[in-house]
Every structure is written in structure tokens, then in C-alpha cells.
Amino acid sequence: MADQASWLERFTRYLATERQLSPMTVRNYRFELERADTLLGQRSWQQLSRQDLSGLMARLHRQGLSPRSLSLTASALKQFGQFLLKEGLIDTNPAATLSAPKQSKTLPKNLDPDSVNHLLDIPPEDGLALRDKAIMELFYSCGLRLAELAALDVKDLDRESREVRVIGKGSKERILPVGSVALAAIGDWLKVRNQMPCQDDALFVSSRGSRLSHRSIQARMEKWAQIQGLSVGVHPHKLRHSFATHMLESSGDLRAVQELLGHANLATTQIYTSLDFQHLAKVYDGAHPRARKKGD
């Protein structure tokens, strides 16, 4: 398969257009395949065996790649092999049964409600402070991903219906309720935004009027965590985790939390049940007469 590079181009277009994967996922897949191509000596997929690819995975593992990274490598190889098989370029997919080491489950870290309230108690000193408060209120109110919030346009927010339209992973749309506190914060920000020379329809813009980048949003949140005196770092996903945990603690409705978070698989949401159990265990230890140690 002499024109393997051109098939990689076609594959990335297929991922972006037909599979509608995010640009970041497409870039990650491309990187994994280009790295594999280099390590395998740019051999044709028609010549590769499962043993070749297993050897590649073992080599990457010895180089210290994490289980998460190896899982991405295996996924990219499987998907590319399946694509070539479908296009009739190979007779069998050598990556079909490829596996990576199991990832250890790490519980997402979240803020307790008091810490969230402290973080969001931002004095309305200027327009940027109002904007940042609105951003963090919306993160916590809706459990949005960073990419979802950054992509929001003004038209996506229906203040009358108290809803926001979000485009999530795989270009899937979901309509989410927005809490009254977040709506009020966004309303204060929009008064400032309407007086700015905005260059596009983005809901959240910089002082120059351009859409806020992912990195800018992260940096502002880190700054506010320091200003507000929080002892831990704060990033968008931490507020998303906090939203999920607090919702589950209050409602116990795993399916509803799954829908709100935009998880395609309930198993992804179930990690929060471990956090919820930790909360219940603390309550039990503090309240049940038989749970307390003698002398407490």
C-alpha cells in the first residue's frame, strides 16, 4: 500500500465528517497512527500481523506510556484497520483484537458545596469579573465540558425558558436547564458584553471582543481560585465533577445525571456512585451510634 499517507488523510476526513468526532480526537488519532507508522518502519498494513502490533504496544508500554495513552493507541489502530478493511485495502484487520492494559479507576476530584460557594462569591468589580463569574456559574449550574461552554453563542441561551442548547461529543445536541443564580450572573455579563465591540456571536468573549479560548478560560479559573483563597486548584472539569456529585447526592437519580452530563454510556456516569457512597459513609460514620469508636 504505497500511498498509505493518502489513506491516512482519507481516514481523518472520515472521522471528522462521517463519524463527526471532535477535532481534538481526530488529531489524537492521527498522531497515534503517525507514531505507529514510524515505529513500525513505515511498513504497509498489508504486511502487518497482530504480533507486529502487539509488539508495538509492548514497546510503548516499556517506554512508560500510561494505560490511558495505550488505550488511545489501540483504539486508533483498530479504527484505522477497520477503515482499510471496509475500503478493501486489506483482507483482515490485524488490530481487531488488540488490547491495552486496564486503566485503574481514579475517582474524579470535586469541590464541596461550601468551597463552590466561596469560589463563586466574586465581587462585581469590573466587566471581566462579571464574565468570569457567569462562566463559572454556568459550569456549575449545567455541568458543561470546557469545549461545550467555549463554543456557546448568545443565541444558544434562552433566558425566557431558562435553558441552554449545547453541542456535545459526537455533535450531539442537548437542552439543559439553567439555574436562577447562573441566569442572573449571565444577565449581568450580557449588559457588559452588549457594550463591547464583539467580533462574533460567542457568549463569552475577551476584552478585545473575540471568543474566549479554552486556555484563557482555564487560566481565569485558576486565577480566581487563588484570589478566593481556595487550597486546591480549580479547572472546568472540577466544576463539572462537582455538579455531578452534588446532583447525585441530592437526587440519587443516575439516569438524570447521565442525561445532564451528556454521557453516551451509563457506565461513565457510574463512577460518581463511588463518590456518592463516600459521602454516605461519612454521614453514617458521624451519625450512627454503632459507627462511632469508643471514646468519641
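Just so you know, the numbers here start at 1 and follow the chain as drawn.
From the backbone N, Cα and C atoms, a Cβ is placed for every residue, glycine too.
Keep in mind it's a predicted model, so treat the numbers as computed, not measured.
Taken straight from Swiss-Prot:
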ACT_SITE  R145  active site
ACT_SITE  K169  active site
ACT_SITE  H237  active site
ACT_SITE  R240  active site
ACT_SITE  H263  active site
ACT_SITE  Y272  active site, O-(3'-phospho-DNA)-tyrosine intermediate
DOMAIN    2-85  domain 'Core-binding (CB)'
DOMAIN    106-285  domain 'Tyr recombinase'
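Locations of recorded Swiss-Prot features on the structure.
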residue: R145; record: active site; Cβ within 10 Å: 18
residue: K169; record: active site; Cβ within 10 Å: 15
residue: H237; record: active site; Cβ within 10 Å: 15
residue: R240; record: active site; Cβ within 10 Å: 22
residue: H263; record: active site; Cβ within 10 Å: 17
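Rounded to a whole number, the C-alpha distance linking H237 (active site) with R145 (active site) is 7 angstrom. Comparing C-alpha positions, R145 (active site) sits nearest to R240 among the active-site residues K169, R240, H263. Per-residue confidence over the domain 'Core-binding (CB)' (2-85) averages out at a pLDDT of 88. Shown for the domain 'Core-binding (CB)' (2-85): DSSP residue counts in helix, strand and coil, namely 63 helix, 0 strand, 21 coil.
According to its DSSP assignment, H263 (active site) is coil.
Rounded to a whole value, the Cα-Cα separation of R240 (active site) and K169 (active site) is 15 Å. A straight line from the CA of H263 (active site) to the CA of K169 (active site) spans 9 Å.
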